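Engineer: Dumping what Swiss-Prot says about this protein:
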BINDING   Asp46, Ala47, Glu48, Tyr49, Asp50, Ser95, Leu96, Glu129, Arg152, Glu189, Lys305, Lys329  NAD(+) binding site
ACT_SITE  Lys131  active site, N6-AMP-lysine intermediate
BINDING   Cys434, Cys437, Cys458, Cys464  Zn(2+) binding site
REGION    525-548  region 'Disordered'
DOMAIN    735-814  domain 'BRCT'
Amino acid sequence: MPSTPLSAAVEALSEDAAQARHAELSRAIERANQLYYNEDAPELTDAEYDALRQELEAIEARFPALTGTTEASAGVGAKPSEKFAKVRHAVPMLSLGNAFADEDVDEFVARVRRFLNLPAEESVAFTAEPKIDGLSLSLRYEAGRLVTAATRGDGEVGENVTANALTVDDIPETLSGENIPEVLEVRGEVYLSHEDFAAINARQEAAGKPLFANPRNAAAGSLRQLDPAITASRPLRFFAYAWGEVSEPFTDTQSAVLERFRGWGLPVNPRTKLCRSAEEMIAHYRTIEAERAGLGYDIDGVVYKVDDLGFQRRLGFVSRAPRWALAHKFAAQEAITELLAIDINVGRTGSLNPLARLKPVTVGGVVVSNATLHNEGYVQGVGADGEPIREGRDIRVGDTVIVVRAGDVIPKVRDVVIEKRPADAVPYVFPDTCPACGSRAVRELNPRTKKLDAIRRCTGGLICPAQGVERLKHFVSRNGFDLEGFGQTYIEVLFEAGLVKQPADLFRLEFEPLKAAIVARRETLSAQRRSEGEPAPKKPTKKKGEEEDKAIKNLLASLDARRTIPLNRFLFALGIPQIGESTAKALAKRFPDMPSLMAALEAATREQAGRDWLELSALPRIGPGTRDRLFETLDPLPGEAMQDLSLGARLRGRLTPSQREAVLAHYGSEEKVDAALERAASQRPGDAYRLFADDGEIGPVATDSLIQFFSEPHNDAAVRALLEEVGTEPLATTTSAAAFAGKTVVFTGSLEKMTRSEAKATAERLGAKVSGSVSAKTDLVVAGPGAGSKLKDAEKHGVKVVSEDDWLAMLAEA
């Protein structure tokens, strides 16, 4: 597949730059998910969101250790709102991988064929249907009657909106027809037509109420009403396109499922077509794109799905999306406007994030007044790798800029119209002190690239209120300690009052100081209102006072209820960069408690790689893989043994001519190359470091982040103080597939009944770790015809060896 500007940019990223950019993208995506799924008030277009997601996935493809390290990477959608009862989906509602070019569709079809190991003469059919821009909904029917309707939520848990769904004319309360499964979960999309959207906004305007930004927001806001009467007053519509749990199989192809849906009284999009090649799929995409303006409802692409359900089951899932489906998105939308100002906010990890204040402009039907500028390097026209972007054009206040929306994430400034730059426009100078705490703000030298990081960070750590408050908010969040009642306002009040500066302080709170802080905040707000001419609020009644006391006691009770917490939640709550829910779970599976983990990290810190080792992987035509292979053994190889060479000269001789040329250009002479290689050999990471870094679920990026976090004395002290107040318990594990959970499996030789990719995916789905080499830590070797050295290694280490048939039998029992 040809290189794209995005792929080229990602290829140029160092590990540190990739980690920083991944974290930045994750924050933007997580914020966008919250605004899109829970608040129905997105700040970005679909195209902008997809661009962020595409960049995130491109980084993860090149740096696999980053996969699953953040909520944006591991999750789908956003956590469900507290306003509604929760519904756990029997089958998760996953997202889809995206395509933005015809080549992506070609590669998708080829990837499906490779995974299934299909002969050239065997065709694969795909359905192609419009991708409705609405709100995903799951309808559960039992004995043909609707019993539950739930939103997607975070993919695992959604919101119960059954009463509202029953007011939608397109959603049948009772299915009709024959052979309806006893249990049937129907997945589809709730949407509004353009005509109905215009009528709703006209009513909103007449009533003096805010207008909806677009039909998707209006549909989502209408379905997620606490009062079903409001939902009933808005003519929502529904298309069915998928299913979740079913009590028994009812057909064998995707297209036949849609026909069954239609026969049972469920509306199905009439523009769905069965295609038998990538060419047919792309042709249908072009047809839908041409019809888009006249459809009468919003779509943002075309969804392709493998038609054969047997193939779908074999293909399975990867991360948050099925391998057998793809969303081919329409192009991003752009507009030109003026950059009025650049504001700086401080992120939870101390990053100084520039935000563009724009002259309001409509992009794709939404008014945009803010856009991200990513980081200092981006403003200066320099990429994360230190190389020029936008041909080196910087961004200045007063510039005419191109703003792009690529999804429901915050818009971004893509470029500058340099011809329209005012004569008095001057380069923007980033502050060298933190706007929140006044501490120095620095751009550190990246040891891998020898260039300044793109992001400027505050050095204030826990003394910085911007970081402190945000870290505490993260700590008490639902996926962290889940402290009931401790919303953002309480955290701000307690922080400003000086009662809580670090997590341990929460568990030391007492009734009287807590009440005093709340009362003081209320009095401050009252004084502000009086100064602004507002009438003073009434004094609290005795009853109100009793209710307040009860609420404070409930807060303290919620703290006591979290004195013991699973280790993975403890780790996630600390807010360590790159330690998302997935990585926290991986660490909790490997260590029983925090003291064990911290001791292992102390050892890993002592055996961390040195600067010369890291520098090698940043050189052209070297990279981490070549570097690791180069130093696999320091002993002389057969051809080297006859020569009287230094270690550095031997290592240099193992390089290809182009690699030798690259290192010579960097270091200047063969003597300096040899010296650098010898220094690198002495700085290789030790086993204690590799225990983390070589683990496929943790990886070097997360490992370095853990080491950096615990190497800061104030962080180490804060964690130890917290451990004096709370305890941890081991990660709860499920009993299903226990035979494979945590086991290390190696596949060798030819597999005849499934592809290697399919075997690997199946093992990992059951909780096993798949390795490429056999060691004493390997639990099982699956050997097919032609197995070679790995069989001998298995015998040497006493590892159990089974055939492919034995493996399949074990899977059947799992």
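We number each residue from 1, going along the chain as drawn.
Keep in mind that glycine also has a Cβ here, set from the backbone N, Cα and C atoms.
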Engineer: Suppose you look only at the domain 'BRCT' (735-814); what would the mean pLDDT be?
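Structural biologist: Across the residues of the domain 'BRCT' (735-814) the model's pLDDT averages 80 on the 0 to 100 scale.
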Engineer: What is the total of other Cβ atoms whose distance to the Cβ of Leu96 (NAD(+) binding site) is within 10 Å?
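Structural biologist: Within a 10 Å radius of the Cβ of Leu96 (NAD(+) binding site) lie 19 other Cβ atoms.
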Engineer: Count the other Cβ atoms sitting within 10 Å of the Cβ of Asp50 (NAD(+) binding site), across every protein chain shown.
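Structural biologist: Here the count is 26.
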Engineer: In Å, rounded, how far does the Cα of Asp50 (NAD(+) binding site) sit from the Cα of Lys131 (active site, N6-AMP-lysine intermediate)?
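Structural biologist: About 14 Å separate the Cα atoms of these two residues.
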Engineer: Please state whether DSSP places Cys437 (Zn(2+) binding site) in a helix, a strand or coil.
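Structural biologist: Going by the DSSP assignment, Cys437 (Zn(2+) binding site) belongs to neither helix nor strand, so it counts as coil.
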Engineer: Compute the C-alpha separation of Leu96 (NAD(+) binding site) from Cys458 (Zn(2+) binding site), stating it in Å without decimals.
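Structural biologist: Given the Cα positions, Leu96 (NAD(+) binding site) is 37 Å from Cys458 (Zn(2+) binding site).
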Engineer: Give the sequence-ordered list of residues that share a chain with Lys305 (NAD(+) binding site), lie 6 or more positions from it, and have CB atoms under 8 Å from its CB.
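Structural biologist: Same-chain residues close to Lys305 (NAD(+) binding site) (Cβ under 8 Å, separated by 6 or more) are Phe126, Thr127, Glu129, Gln254, Gln312, Trp324, Ala325.
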Engineer: Distance between Cys437 (Zn(2+) binding site) and Arg152 (NAD(+) binding site) at the Cα atoms, whole Å?
Structural biologist: 40
Engineer: Provide the three-state secondary structure of Lys305 (NAD(+) binding site) computed with DSSP.
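Structural biologist: It is in a strand.
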Engineer: Reported in the order helix, strand, coil, what are the DSSP residue counts of the domain 'BRCT' (735-814)?
Structural biologist: 29 helix, 15 strand, 36 coil
Engineer: Please report the Cα separation of Lys131 (active site, N6-AMP-lysine intermediate) and Arg152 (NAD(+) binding site) in Å, rounded to an integer.
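Structural biologist: Rounded to a whole number, the Cα-Cα distance is 16 Å.
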